[in-house]
Every structure is written in structure tokens, then in C-alpha cells.
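In TrEMBL this protein carries:
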type	residues	note
DOMAIN	4-366	domain 'Major facilitator superfamily (MFS) profile'
TRANSMEM	40-62	transmembrane segment
TRANSMEM	69-87	transmembrane segment
TRANSMEM	93-114	transmembrane segment
TRANSMEM	126-147	transmembrane segment
TRANSMEM	153-172	transmembrane segment
TRANSMEM	184-204	transmembrane segment
TRANSMEM	224-242	transmembrane segment
TRANSMEM	254-270	transmembrane segment
TRANSMEM	276-296	transmembrane segment
TRANSMEM	303-322	transmembrane segment
TRANSMEM	334-353	transmembrane segment
Amino acid sequence: MRSFYVLGFIAFLLLGALQAVYGPAFSALQARFDVSRADVGLIASSHFLGSMLGILAAGGLLKRLELRGLLRVGSALIALGLAGVTFAPAWTFAVVCASLAGFGFGFVSVTFNVGGARLGVRAAGVLNILNACFGLGSILAPLSVSALGGQTWPYALLGLTALGLLLSAGRLPHLPETTVASSGRAPIVPLALFGGFFVLYVGVEAGVGSWMTAHLSDLGVVNAATWTSGFWLAVTIGRLLGAPLALRFKLPRIILSALVLAIVALLLASTPAARFAYLLVGLAIAPLFATTLAWFGQNISTGLAPLVLACGGFGGTLFPWLLGVLSARFGTDVVPFVEAGVAFGALLVALLLRVRLKASAETPAL
């Protein structure tokens, strides 16, 4: 089991760095490929599109390849895609290769999120720690771009890390399905509720992460960006704190308490104390992803987890765009109110889930 933790730690560092590496490198990529500011964002969009498709594909192949096979395929695709970005002779080739690496990203993400969800009572704690490693990778990626430049070296180093994962995939232990929901027909209503919850939760995280800099623009561009980095640091710290909490409290209680705190903090973000309130938002929402995924694994087959992970990707795409539309019409002061509404929606879905799952558990089998 130790090998799962070690490989998971490395994999989530890699995934966090891969997701965060393109943005800080935009200027260097513009210079390298002679593309406009409007076009350079395509490489990040290509990565996210590839990752969503990869998550869905991994879900379909999970039973056939199992976790070890998914890790082999995913790490190979990341290594190949990043080699293409490193040595790309033209911009279009680099964008396609970024999509390929993103596709592999989806496979590796499913490997360790599903594997972690199969660890029973340890699931929430392990998943919180792994996702904290993701946050650490997201923090380290901009530093690597600053130190090495954004044209080739960061992608080469990440590609070599993926190659190391590929060579070590044989050490990943076999983790069988543990939930009572592993056989039989999937419970459609709880599955839909979990999917809806991930749409809304990721909408809060991605929306705040994308738009708080604009909302705090009165502080100046540099200061606003610094506070946004602080938000992601708070998310990383909160996930580390979420691991021991998951061992002491029931998972639904953690989720509901975190959402109430997030709603209060988001409303406070409409006041002059907004920059501090956003840090509290980061701490509040930090354990939600891993804890909810562990709760999912206790009640529904983890083979269906890629579906709700893909729902999260949809939320991460939808809500930043929606905030952009609303901000263009009403100004950025709308951001905390919209996100508080989204968090309230997630709270309602979580309450419905708790009632539904409790009723299902109390219903005797026929």
C-alpha cells in the first residue's frame, strides 16, 4: 500500500504542475511561436478539453484496464504529449500535443481518485492529502517557469516525471471495489445528485480562482494576483487539515459545515475585507472534493466516479464563463454574490443527498 501513496504523491504533484504550467508561460510561448495574446490561451483550453475527454474515456476503460493499466496509458500519453510540446516545430502541433497530454491527465486523475475512494475509512484522508499535493504542484509550476523559462524546460521535466510514473506503474497495488454498491444497478438519483454537486462545487472553486483577481483589481494588479495565489495556498492547507478531520467526523457533516462556512465567507467577500474573506473561502472549500468523492465511494460503485469527475470539469468550464458574462454586464462586484448562490445550491444538493442516502440505508432489502 505504501507504493500507492508514493506514486499518488508524485502523480498529483505532476498533475497540479501540468494544469498550472501553461498560464505563467504564455509570454514565453508567444515569443517562441510568434502567436497573439488571443491565440496563446488555446494551449490551456486544449489541455482542459483533453483532460475532460480523458476522464470520460478512462471511466469506460476502467474495468478492462484496471487502475494499473490506466496509469500506464495516462503517464505514457502525458510523456508523449509533453515531448511534443517541448520539441514542437509549430504552434498547431504544440496545441494538439497539449491536448494529448491533457487526455493522459484524465487517465492518471481517475487512477488515483478512484483508487483513493476504494480505501474505505481511510479514503477521505488519503484523497485530501493527494489533492493537497495537486495544489503544491500548482504552486511549484509558476516557480519553475520563472526559474527555467517557459519555452521548453518545464515541459521536458514534467514529461520525464510522467515517464518515471510509466516505469513505476507495475508497483501500483491492486485495489478492488469495496463499496456495497459495487454490484447491481446504479442508483440513478444519488448518482445524479453527486454529479450536480460536483458541477456546483467546482464552479465555486474555479469561479473564485478565475475571477477574484478581477474583483480585487482596486488593490492593483500585482497585489490582486498575490491574494489569488494566497487563495490557492489556503486551498492546499485546507486539504491537509481535511485529512485528520475526515477521521474524526462523519463525511456529510464535514461537507455541510464547509459549505455553510464558504457561503458566509463569500458574502463577506462583498465587503472591504474581501481579500481576507477569499482566503477563508479557500480554507472552507478545500476538503469538499476529496471528502465528497470518499462519500461517493461509500455509497456508489467507484467505477462510476469518472462520471462525477467529468461533471466537475463541466462546472469548471461553465461558471468562469458565466461570471465573465455577468461581470461584463453588472461589474465584478457580482462575483461573490453569484458564487455564494452557487455554494448555496451545492448545500441544498448535499442536504438532499444525505436524506436520500439515509432513507436508502434504512430501507430493508427485498
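Each residue, glycine too, has its Cβ placed from N, Cα and C.
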Discussion item. Across the domain 'Major facilitator superfamily (MFS) profile' (4-366), what does the mean pLDDT come to, as a whole number?
Written reply: 89
Worksheet item: To the transmembrane segment (126-147), which of 153-172, 224-242, 254-270, 303-322 is linked by the most Cβ pairs under 8 Å?
Response: 224-242
Discussion item. If contact means at least 3 Cβ pairs within less than 8 Å, sequence distance 6 or more, would you call the transmembrane segment (224-242) and the transmembrane segment (303-322) in contact?
Written reply: no
Practice prompt. Flag the pair the transmembrane segment (93-114) / the transmembrane segment (334-353) as in contact if three or more Cβ pairs fall under 8 Å (sequence separation 6 or more).
Written response: no
